[in-house]
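Engineer: Per Swiss-Prot, ATP binding site is recorded for Gly121, Thr122, Asn123, Gly124, Lys125, Ser126, Thr127, and the stated evidence type is sequence analysis.
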Amino acid sequence: MIPVTSFAGQSVAVFGLGGSGLASCHALKAGGAEVIACDDNLDRMVEAAQAGFITADLRNLPWTNFAALVLTPGVPLTHPAPHWTVLKAQEAGVEVIGDVELFCRERKAHAPRAPFVAITGTNGKSTTTALIAHLLREAGWDTQLGGNIGTAILSLEPPKDGRVHVIEMSSYQIDLTPSLDPTVGILLNVTEDHIDRHGTIEHYAAVKERLVAGVQDGGTSIIGVDDEFGRAAADRIERAGKRVVRMSVQGPVTFGITADLDSIRRVDGGTSTEVAKLGGIGSLRGLHNAQNAAAAAAAVLALGVSPEVLQQGLRSFPGLAHRMEQVGRQVGEQGTTLFVNDSKATNADAAAKALASFGDIFWIAGGKPKTGGIESLAEYFPRIRKAYLIGQAAQEFAATLEGRVPYEISETLEAAVPAAARDAAASGLAEPVVLLSPACASFDQFRNFELRGTRFRELVTALDGVAAV
């Protein structure tokens with residue numbers, strides 16, 4: 001745990017008592033603050049009280065007594081409307097911050113030279129974050145991994161010289177971190193997502209940009225320039241005097257890092273030098289993973305990791321669950337079917353990465369639809385032998401696929417998985433792929449994408465003749 005001493009002797013309100021909120025309560029109390037905890041969920045209030053915290057309805061308390069409101073990232077700060085706690089805090093002149101802000105203040109106060117790597121982007125954050133941590137551990141670094149990827153940042157070990165924190169950050173977390181100042185900041189990409197919480201894509205992109213704009217003096221901003229928002233951000237941040245590493249998998253850069261399916265290259269003016277090979281690494285298959293690997297490579301090279309250790313670490317990286325996870329193979333008379341769990345693909349842009357990585361696809365898609373549908377995936381339709389549509393999006397997706405891709409409305413994973421497996425086995429293809437890449441949120445049928453992917457894995461492993469990869 002990281003004790004938060006910056007509010008010692010003061011009263012702090014914490015709203016939202018899930019994993020990061022409860023961790024904030026513990027860290028603030030350990031640092032000497034008085035914590036008043038609140039949540040709309042009564043069970044979480046009870047849990048906090050049992051853990052020894054004062055719980056109260058913050059509506060009934062004088063807000064001028066609070067030094068800060070620590071807000072969980074899931075609570076609206078601005079859109080579609082500020083949460084009532086935010087309005088109360090603003091009326092009383094109380095700052096509204098999140099758990100990563102508490103970390104940044106502790107690091108600045110106690111270990112300002114301790115390396116801190118922060119990663120954001122619409123897609124690829126978790127894989128890139130996990131890969132950076134893996135590479136640094138391979139290099140022998142004392143590495144703490146957390147943030148949006150799982151472990152609450154304040155539950156990690158405290159910053160100190162020689163210890164690096166590798167932290168995935170969502171746009172919600174960045175919004176609550178005004179002092180964000182990583183040693184290395186990474187902005188992978190920006191595509192339309194979370195507009196319900198940010199109002200416009202321009203505001204969403206501006207929030208993402210703050211992570212790389214805030215890199216501390218002498219640090220490195222690594223920015224994907226394959227979208228217009230990244231290109232503009234790189235130019236602005238470079239003009240502000242920061243060290244910018246431009247990253248691309250679509251075209252050349254003058255200074256920066258590029259990648260394709262085979263290798264990662266460092267570019268310095270007219271000179272391009274290979275720093276690592278990617279060919280044959282199954283956990284980093286696809287051009288989207290080449291981008292993730294390029295970002296991770298740029299980060300660890302900036303911290304002093306050698307190309308030799310980088311290559312070893314890339315080859316030993318196991319990948320992440322629910323992100324193009326190869327969960328099994330089924331050997332048939334005519335071919336071998338590969339089953340791939342890409343449940344994390346909760347929008348069309350993410351699903352495009354998986355569809356581009358395979359041929360002869362038996363595609364399981366659908367769930368709670370997002371704006372834009374799947375028309376943007378039309379260039380990949382020739383790769384799809386048949387689609388199996390589930391959830392609320394089934395009828396909408398069927399209308400898009402009509403006359404272009406054979407489909408059936410399966411409604412559930414329980415129906416889709418055996419149907420896709422049967423059709424793949426009977427297709428006569430040498431290497432058919434049953435791919436769960438939903439292009440939708442999971443909330444119509446599952447609490448989160450992890451449970452959706454876990455259910456897919458269970459259904460696949462229950463099929464006759466399926467062996468683990």
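Including glycine, each Cβ sits where the backbone N, Cα and C put it.
Help me understand the surroundings of these features in the structure.
Structural biologist: For Lys125 (ATP binding site), the Cβ neighbour count at a 10 Å cut-off comes to 23, with all displayed protein chains included.
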Engineer: Would you list the other residues of this chain near ATP - those whose C-beta lies within 8 angstroms of the C-beta centroid of Gly121, Thr122, Asn123, Gly124, Lys125, Ser126, Thr127 - in sequence order?
Structural biologist: Ile119, Thr128, Leu188, Asn189, Asn292
Engineer: Counting other Cβ atoms within 10 Å of each Cβ, which of the binding-site residues Thr122, Asn123, Ser126 scores lowest?
Structural biologist: Ser126
Engineer: Does DSSP put Ser126 (ATP binding site) in a helix, in a strand, or in coil?
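Structural biologist: SS state of Ser126 (ATP binding site) = helix.
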